[in-house]
Amino acid sequence: MEAPGPRALRTALCGGCCCLLLCAQLAVAGKGARGFGRGALIRLNIWPAVQGACKQLEVCEHCVEGDGARNLSSCVWEQCRPEEPGHCVAQSEVVKEGCSIYNRSEACPAAHHHPTYEPKTVTTGSPPVPEAHSPGFDGASFIGGVVLVLSLQAVAFFVLHFLKAKDSTYQTLI
């Protein structure tokens, strides 16, 4: 078998660099978050950040249905006392004890009430506290990223090597 040419090596190197850069971006974005999820995607601007935008909606129906111009879909209406009008918050925000949460327009306080759509009253004592994660270098994540990049490079190398070997078996008739 032939040694891989400069084109195959260049392709493997570029693929490895792209994987390394992506892993570095995800590691930086996920720092302080519990695992890789919506928090990391918000920091990378892949997922719309709705927490600040929910507060701008002042009507319950607009809040729970979402505003198409702002791409909102995870807002709920929170009302703590009957005399207060309530406000729109993101579902992920901490809810005060004793507040009613409305997630359908039929259940909004100003709208007509349907007996099957009762608001959910939150009676939890304290919100869950995320695990403490000290900022800094995480050796296990670094080793995992290196193993991931090297394995992807090896797969790309062997796939290109296999395709190159298949092409070299064909001979012209003339």
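Glycine is treated like the rest: Cβ placed from N, Cα and C.
Going by Swiss-Prot, these are the annotated features:
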| type | residues | note |
| --- | --- | --- |
| SIGNAL | 1-29 | signal peptide |
| TOPO_DOM | 30-141 | topological domain 'Extracellular' |
| CARBOHYD | Asn71 | N-linked glycosylation site |
| CARBOHYD | Asn103 | N-linked glycosylation site |
| TRANSMEM | 142-162 | transmembrane segment |
| TOPO_DOM | 163-174 | topological domain 'Cytoplasmic' |
By a three-class reduction of DSSP, Asn103 (N-linked glycosylation site) is assigned coil
Across the topological domain 'Cytoplasmic' (163-174), the model's average pLDDT, rounded to a whole number, is 71
